[in-house]
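Copied from Swiss-Prot, the annotated features are:
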- GLU39, GLY44: Ca(2+) binding site (BINDING)
- HIS60, HIS377: Fe(II)-heme a binding site (BINDING)
- HIS239, HIS289, HIS290: Cu cation binding site (BINDING)
- TYR243: O2 binding site (BINDING)
- HIS367, ASP368: Mg(2+) binding site (BINDING)
- HIS375: heme a3 binding site (BINDING)
- 16-36: transmembrane segment (TRANSMEM)
- 55-75: transmembrane segment (TRANSMEM)
- 101-121: transmembrane segment (TRANSMEM)
- 144-164: transmembrane segment (TRANSMEM)
- 182-202: transmembrane segment (TRANSMEM)
- 233-253: transmembrane segment (TRANSMEM)
- 267-287: transmembrane segment (TRANSMEM)
- 304-324: transmembrane segment (TRANSMEM)
- 337-357: transmembrane segment (TRANSMEM)
- 379-399: transmembrane segment (TRANSMEM)
- 413-433: transmembrane segment (TRANSMEM)
- 451-471: transmembrane segment (TRANSMEM)
Amino acid sequence: MSRQWLFSTNHKDIGTLYFIFGAWAGMVGTSLSILIRAELGHPGAFIGDDQIYNVIVTAHAFIMIFFMVMPIMIGGFGNWLVPLMLGAPDMAFPRMNNMSFWMLPPSLTLLISSSMVENGAGTGWTVYPPLSSGIAHAGASVDLAIFSLHLAGISSILGAVNFITTVINMRAPGITLDRMPLFVWSVVITAVLLLLSLPVLAGAITMLLTDRNLNTSFFDPAGGGEPNLYQHLFWFFGHPEVYILILPGFGMISHIITQESGKKETFGNLGMIYAMLAIGLLGFIVWAHHMFTVGMDVDTRAYFTSATMIIAVPTGIKIFSWLATMHGTQLTYSPAMLWAFGFVFLFTVGGLTGVVLANSSIDIVLHDTYYVVAHFHYVLSMGAVFAIMAGFIHWYPLLTGLTMNPNWLKLQFAMMFVGVNLTFFPQHFLGLAGMPRRYSDFPDSYLAWNIVSSLGSTISLFAILYFLFIIWESMITQRTPAFPMQLSSSIEWYHTLPPAEHTYAELPLLTNNF
């Protein structure tokens, strides 16, 4: 047991560990979100003061981003599928792969500890000084959160190096870069973004650590520092990070739509690759659109507004290519396809509110209101999460060799779809009416939509529990699939379900008939 799970060098076992860890962290993060909506479901205090509320909000963000979405998408799906899709026997650095995973549980432990000592880190996930300085947040909480981020960051950097090396060196003969599956492309682009952005975050939080403990003043004006420098460094990481969260989802959705539509390949395959490359590149030159309210020159604001809007172009290319892939087919309303439909529609809605927020003059008004919360939850809670659900259902027979009950899955999709939309759509109205983020209480005029939002979160919770029940049911009944339902979009299906522990003992050769 310990050889298989603690010291594993097998990409499938490590991928499974990532899935289990991500699911567990996801349940913690979901519980925190339920606490947030319970607090906001009625006026007046419920859980406590704003410090504990902001600790919950901060932990919710960190856990969902660093311990749920990234481990599942990059660690889980990436580890499982990239070697299988490349025809590689394993990852390039199998032991480093294991270390990448085992840095996450200590990291999560540090983060949870940070909320249990002193007053907790109630800084928001951005950890801006001076709120995160040694004066406003005395005690060890923020320091523990910083160490947690360092560990998670090292884990991601090592994983990124591993994926990049694997994709460069371990492709089977015949898999040229232009014929590499879109999911593999999405993971390698994500890995490059991680490699370039995380060191900047590490620098920023290390400077914050020394400001708090070693009497430096990088971000303290009293010592000649500049609090704004932190924001620039943080968002230079923070904006690529949001593309890191969604790009593997793009790759998965491309595979699912192509395969379920019965098409030979995705519409505009090469264009899809260039679109992802463009999104990755542009993601690095738009960071200050998170900072329109800090007082930038009008020409700077004009540049960041324009550059941000340009990102909508490659994103639009991807949306329309997905629609073109579905075009002309007899649509199958299979569970995975339903999630993919939901992804395309809701991600588009989230993208449109993003284009609204890109306008610096409008953003001055909407900054730090619930409009922003609604925007990024549409692209995360209904983009990244829907992609994870679609991918998990689609590749579940490959991962486990079992099938889930498709009718139950459709019901579960309907519950989740209603739940998340009921939760986040009203938040657009709250934001337009001026309700600010990160406050535990609000004027009574905002009550009605907050009640609707909290009701939606309860429905989402039951949908998640139902999904766990569906997985449990499939595992105790042990229904095995006879064969994959459609022509496969990639070579990972040319194995037993589930694949043998070691695949591609003899390297495959891909011919033009592929």
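Keep in mind that glycine also has a Cβ here, set from the backbone N, Cα and C atoms.
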**Message:** So among TYR243, HIS289, HIS367, all listed as binding-site residues, which is physically nearest to GLY44 (Ca(2+) binding site)? Use the C-alpha atoms.
**Reply:** HIS367
**binding-site residues near HIS290 (Cu cation binding site) (Cα-Cα within 10 Å), from GLU39, HIS60, TYR243, HIS367, HIS377** = HIS367
**Asked** What residues in the same chain, six or more past the boundaries of the transmembrane segment (16-36), come closer than 8 Å to it by Cβ-Cβ distance?
**Response** 5, 8, 47, 53, 56-57, 59-60, 63-64, 67-69, 71-72, 75-76, 79-80, 101, 104-105, 108, 399, 457-458, 461, 464
**Request:** Return yes if the transmembrane segment (413-433) and the transmembrane segment (337-357) have at least 3 CB pairs under 8 Å (sequence gap of 6 or more), otherwise no.
**Result:** yes
**Fill in**
DSSP, reduced to three states, assigns HIS377 (Fe(II)-heme a binding site) to helix
**Asked** In Å, rounded, how far does the Cα of GLU39 (Ca(2+) binding site) sit from the Cα of HIS60 (Fe(II)-heme a binding site)?
**Response** 14
**Item:** In contact by Cβ distance (the transmembrane segment (267-287), the transmembrane segment (182-202); 3 or more pairs under 8 Å)
**Value:** yes
**Request:** Specify all same-chain residues, apart from the site residues HIS239, HIS289, HIS290, whose Cβ lies within 8 angstroms of the center of the Cβ atoms of the Cu cation site, ordered by sequence.
**Result:** TRP235, GLY238, VAL286, TRP287, ALA288, MET291, PHE304, THR308
**Item:** For HIS289 (Cu cation binding site): DSSP state (helix, strand, coil)
**Value:** helix
**Prompt:** Which residue, of the binding-site residues GLU39, ASP368, has its CB surrounded by the fewest other CB atoms within 10 A?
**Reply:** ASP368
**Message:** Is the transmembrane segment (451-471) in contact with the transmembrane segment (55-75), using at least 3 Cβ pairs under 8 Å (sequence separation of 6 or more) as the test?
**Reply:** no
